[in-house]
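Take a look at the structure below.
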Amino acid sequence: MVASRVFQGVATAPFESLVNVAVGDLYCVHQRGIRMAFTNLAVFGGAFFTPIVVGKITHDLGWQWTFYFVAIFCGLCLPAVYFFCPETAYRRDQSLNTDMLSSDSPGTRQLFTNTLDTNTPEESEKTNIRNAPSTPDTLVGDDTNQMQTALSDVPISSAPPATAASSTAAPAPAPATRAAVAPPPKATFKESLALFNGRKADENFVKLMLRPIVLFFHPAFFWACLIQGLMIGWTVFIGVILAQFFIGPPLWWGEVETGYAYTAAFVGAIVGFLIAGLLSDWSARLMTKWNKGTYEPEFRLLLIAPMMIFGCIGLYGWGPTADDLLWDINPAIPLMFFGFQVAGMVIGAVASSLYIVDAYRDLAIEGFTIMIVFKNLLSFGLTLKAFQWLVLNQTKATPLFNIIGSVQLVVCLSSIPLYIFGKRIRSFYHRHDLLAICRVR
């Protein structure tokens, strides 16, 4: 059993990390919110839908069939993945990575020197990349009064930017036109079926493998680990001790009824998806408008507010209502709080994923990897010790979940300093590359 679960974990890790990264590869900033919400619904909604039917399967067919059905569904999905999920990453010229550029990078300097064959110099200076799809901004310097060099603020001009002293002078002759960077040709359908189409990076494999560990000490990635990992861990905690309260006295539920209890968690996942999907892109567009058209990745942190509300309601409410089952409280009440907690978990997962993709898209794969490692290690520890902690508290959940709810509240409030100093953090680590310092770049 242990060996099979380890083998299954190796297979699951790429799915959990790469699906969210693919959202950043395929979609512009203003399109990512609803799609990131849907990918997290697929992960967490599926995790809470399966227990609803697993209880019935276990009762009628045996617990082994829960694994058999997963294997069958994976086998059915394999042809669809092979034929209709082509590789989304490819080696592109640096100047084309417009949402990973800063003003001191070669790609951005090229934006100032490239010319447009179809425009005169005067017309070019009036042309603005605001017409292009929204992309994340990148910070230039660490002065709090310094504006960010967003894509919407970079003019496409045939001449270098004019200084204040020369702004009234006659326009200088346009430099020689540089050749446009030609993107690689699109792969044919047959070519897309290749199992291997080359490496996408030149770095040493061992260095790539060590990068996620280094990123754990980056403030933004550490925050994302806490926001996403802790809420998932508390969900595992509730799932472990749920049997103590519902299968034991006074309810004496069987595995079928206990499986049906996860309906509340599945509904909570749906609610979290709807809230995150509706608010993520809308709030980012609104904040961009208020910020005079400049988008900043920290706008994604506004989703932490509904996460904190739903998550803390669920955590603070679960403990006392679960303890009150002995006093004939309706079992739907603690399950309702379980649903609140799951809704907060989904919203938090979407918020942290969007922030990492928007602010650090070049490190998104490594970032999601360390988030998965942190989440899985924490969930393993809680699975191992949750029941013992409950016994040490004389099977009382209230004191445990008061502590857990307070910890989660503090973690959510840590988003406030990240919102305030996130720009400076991005600037500092752009100028002081943590990966280069640790010699993994």
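In case you wondered, yes, glycine gets a Cβ from its N, Cα and C as well.
The annotation compositional bias 'Polar residues' is assigned in TrEMBL to 100-121 (among others).
According to TrEMBL, the feature compositional bias 'Polar residues' maps to 129-143 (among others).
Per TrEMBL, the feature region 'Disordered' maps to 100-143 (among others).
Summarising the annotation, TrEMBL assigns region 'Disordered' to 158-181 (among others).
Counting residues 6+ beyond its ends, the transmembrane segment (41-59) has Cβ neighbours under 8 Å at 16, 19, 65-66, 69, 254-260, 262-263, 265-266, 268-270, 272-273, 342, 345-346, 349 in the same chain. Among the features that TrEMBL reports, transmembrane segment is placed at 41-59 (among others).
Annotated transmembrane segment per TrEMBL: 65-85 (among others), in sequence order.
Here TrEMBL flags 220-247 (among others) as transmembrane segment.
Counting same-chain residues at least six beyond the ends of the transmembrane segment (259-279), those with a Cβ under 8 angstroms from any Cβ of the stretch are 33-34, 36-38, 40-41, 44-45, 48-49, 51-56, 58, 235, 242, 246, 253, 302-303, 306, 310, 314, 331-332, 335-336, 338-347, 350-351. Residues annotated as transmembrane segment in TrEMBL: 259-279 (among others).
Annotation comment: TrEMBL describes 299-319 (among others) as transmembrane segment.
Marked as transmembrane segment by TrEMBL: 331-356 (among others). Listed as Cβ neighbours of the transmembrane segment (331-356) (distance under 8 Å, sequence separation of 6 or more from its ends, same chain) are residues 20, 32-33, 36-37, 40-41, 43-45, 48, 220-221, 223-224, 227-228, 231-232, 234-235, 238, 242, 245-246, 251, 261, 263-269, 271-273, 275-276, 280, 297-298, 300-301, 303-304, 306-315, 317-318, 321-322, 325, 363-364, 367-368, 371, 412.
The feature transmembrane segment is assigned by TrEMBL to 368-388 (among others). Sequence-distant contacts of the transmembrane segment (368-388) (same chain, six or more residues past either end, CB-CB distance under 8 Å): 9, 13, 16-18, 20-21, 212-213, 215-216, 221, 224-225, 228-230, 232-234, 236-237, 240-241, 244, 352-353, 356.
For 400-421 (among others), the entry in TrEMBL reads transmembrane segment. Same-chain residues lying 6 or more positions outside the transmembrane segment (400-421) and placing a CB less than 8 Å from one of its CB atoms are 219-220, 223, 226-227, 230-231, 234, 237, 298, 301, 304, 307-308, 311-312, 315-316, 318-320, 348, 389-390, 393.
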